[in-house]
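Enquirer: Sending over a structure as structure tokens; questions will come in a sec.
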2 protein chains.
Amino acid sequence: MSEPEMRPKAEKLDAADELAGMRAQFVLDDTVYLDGNSLGALPRSVPGRVEDVVRRQWGSLRIRSWDESGWWTAPERIGDRIAPLVGAAPGQIVVGDSTSVNVFKAVVGAVRLADGGSEGRSGRDEVLVDATTFPTDGYIAASAARLTGCTLRPVTPDEVPDALSERTAAVLLNHVDYRTGRLHDLPSLTAAIHEVGAISVWDLCHSAGALPVGLDEHGVDLAVGCTYKYLNGGPGSPAYLYVRETHQPRFDSPLPGWNSHADPFGMTPDYTPAPGALRGRVGTPDILSMLALEAALEVWDDVSINAVRTKSLALTDFFLECVESYVPEGTVESVTPSPHTERGSQVALRCTDAGNVMRRLIDRGVIGDFREPDVLRFGFTPLYVGFGDVERAARVLGEMF
Amino acid sequence: MSEPEMRPKAEKLDAADELAGMRAQFVLDDTVYLDGNSLGALPRSVPGRVEDVVRRQWGSLRIRSWDESGWWTAPERIGDRIAPLVGAAPGQIVVGDSTSVNVFKAVVGAVRLADGGSEGRSGRDEVLVDATTFPTDGYIAASAARLTGCTLRPVTPDEVPDALSERTAAVLLNHVDYRTGRLHDLPSLTAAIHEVGAISVWDLCHSAGALPVGLDEHGVDLAVGCTYKYLNGGPGSPAYLYVRETHQPRFDSPLPGWNSHADPFGMTPDYTPAPGALRGRVGTPDILSMLALEAALEVWDDVSINAVRTKSLALTDFFLECVESYVPEGTVESVTPSPHTERGSQVALRCTDAGNVMRRLIDRGVIGDFREPDVLRFGFTPLYVGFGDVERAARVLGEMF
């Protein structure tokens, strides 16, 4: 098929799109923005809220805002707002710190949970980490392993079942691979990890807000994620930590800051951890960024994550179809799996000279990104990307060769 | 003396105040705000900047802003802006994460520096921590000690010289005590720490922006501080980490996130730390809060920290004088040292029923805060507090009894 066939098809798909109205809630322009998996677009609800936080809450109320504007309880309140998007009941997620810092809390916490209070005598001294992971997870897991006396063993997710043993303390995996867009099988991998008595830690950066995660349903132990991709929280907005309710009483954070104390204003020299998810908190929450995120999450009020997933798959299907139609055979190769069960919300295409191709695409108003050494990465945010965008992106891509 | 004497004195002091003009750069009202040591007032430069960051940099430029708006280099650029305020040459400070997280980096990093690469065979297995510290430092130091196989030993700063030994790896101290406002002797304590070959870590939360610190001059090894008190960065604004230049090549962070990698976008599985202060970075910087802080720091462009210190001491001197004049003898007792060499920029008064007294003071427009169990805490930010404010605060306090 070619342009005369694909354009009307895009129009038809857009006309039938239940989520089409959501686009109006974002600030967008006439480019095709396929980099929401790096930095989500600005929700219209954010600028006014941030202005209020700065001018009134900080400028006028000042310290009174810690109570009166709900600053103090923001980490757990916003955590509860994220919870339904990742299939978690309330009281298990706190927002704060970067993803890297939360990976550290989670991996050290997981090793300690697996150890079961035996002070290193459990024989569980191995941490498995996804060898294809976004690098920061690997670097931080190495540090967590070093500090807890464990060995770090990088394996591909496919190799995890065979690598698991009674030596395994914790396993850190990505739900969706940042480079290929491959969706890993969270339910079965979590079950395999549990079978040997180890603790699972899932990184949801590239899945939360794009597809259902089902943390509670699948028995995930610990999870982390960022909020600036499909959750549109803004550049470097705070990440989150999920600690399964049943693990909370024994969750032993390596970063026991005063915000995680049972009585933070008691200012006692002895540390007594707060009950529940709060023990994942560390220092004073970063209010400006955190309340911008809270405003950004309002766009989810009437959106079902299942509807988002349905559209996401339709968008990536249609993109692959358009690429096949517009792009000369043999010039690009998708490294994103075809089966829906193995695909996140992005499509990664390998091609020669990918860095230059992406620069030229951006010049033509199609915004994706380039990942070393040869990958064009296109992310599809169902809340604001339409099928017409998809058709245009593939058409412009075809003109590159 | 009484009102007829103190008011004209305040007017005279205000008239001679070189920094009086700075007040116009902040958003203030008709209250007397003596809680800038908890949350600094809003600088007028901030709201417009934040609006630009949200609407244009995020909303329009989106990911392009990582380069074009200088987002990526913000942690070290803003670190260099803080540097002169704490007596540091450029290239030694990065901004990011909370104070608690930076205390963790610093204490673990200090233990490793003290160990000198001997992998625990140096015999340095003790971390000293200020027993009177703001609790989070103690909690985090305990975690750092536990993870590095050290023993934590809480001592008062006075006891530090006697407690030091060839077993000491690191010493974590506060420059100014959060409760009493006592200024500790950073030069002589740092020298004593060095005499036994240990590493000093200073927490500058209550001194940076209120008095000269002289990090380089006094040979401080590592330091951390928050930016929302005397630096007016906003609620929960990011903290900073100072790593002395000579230590940077061996600084071994327990949080080696991808932002501290020598080639972060290489996305290599092996970790190679960046040179310089950058290795104190961790994850993606929190841009909204960080650029609000950058705007807030503009107020320091033409201010000398020595002038700030001179005014700070004049303010606290005058406050103590007014308290003596207005407050019935025997009702309050200052726990802040009288000698200038031992006083930060706050005055802490003990009195019966302090919680209630502070609530009534706040109702009367004098904003300080209460610290358990019996302390009224008044912070004096020389950039926006005047001598008339001081006189009014003491006068209203006198009417409480």
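Backbone N, Cα and C define each Cβ position, glycine as well.
Predicted automatically and left uncurated, TrEMBL annotations should be read as such.
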Enquirer: Taking B:Thr73, B:Thr168, B:Thr284, B:Thr310 as the options, which does TrEMBL list with B:Thr99, B:Ser100, B:Phe134, B:Pro135, B:Thr136, B:Asp137, B:Asp203, B:His206, B:Tyr228, B:Trp258 at the pyridoxal 5'-phosphate site?
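Expert: According to TrEMBL, the candidate sharing the pyridoxal 5'-phosphate site with B:Thr99, B:Ser100, B:Phe134, B:Pro135, B:Thr136, B:Asp137, B:Asp203, B:His206, B:Tyr228, B:Trp258 is B:Thr284.
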Enquirer: So which of these recorded positions, B:Thr99, B:Thr136, B:Asp203, B:Lys229, get their C-beta under 8 angstroms from chain A?
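Expert: Near chain A: B:Thr99, B:Thr136.
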Enquirer: Could you give the Cα-Cα distance between B:Lys229 (N6-(pyridoxal phosphate)lysine) and B:Phe134 (pyridoxal 5'-phosphate binding site), in whole Å?
Expert: 14
Enquirer: Among the binding-site residues B:Phe134, B:Tyr228, whose Cβ has the fewest other Cβ atoms within 10 Å?
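Expert: With the binding-site residues B:Phe134, B:Tyr228, fewest surrounding Cβ atoms within 10 Å: B:Phe134.
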Enquirer: Applying a 10 Å Cβ distance cut-off over all chains shown, what neighbour count does B:Thr136 (pyridoxal 5'-phosphate binding site) have?
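Expert: Cβ-Cβ neighbours of B:Thr136 (pyridoxal 5'-phosphate binding site) within 10 Å number 27.
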Enquirer: For B:Thr99 (pyridoxal 5'-phosphate binding site), what is the secondary structure by DSSP, using just helix, strand and coil?
Expert: helix
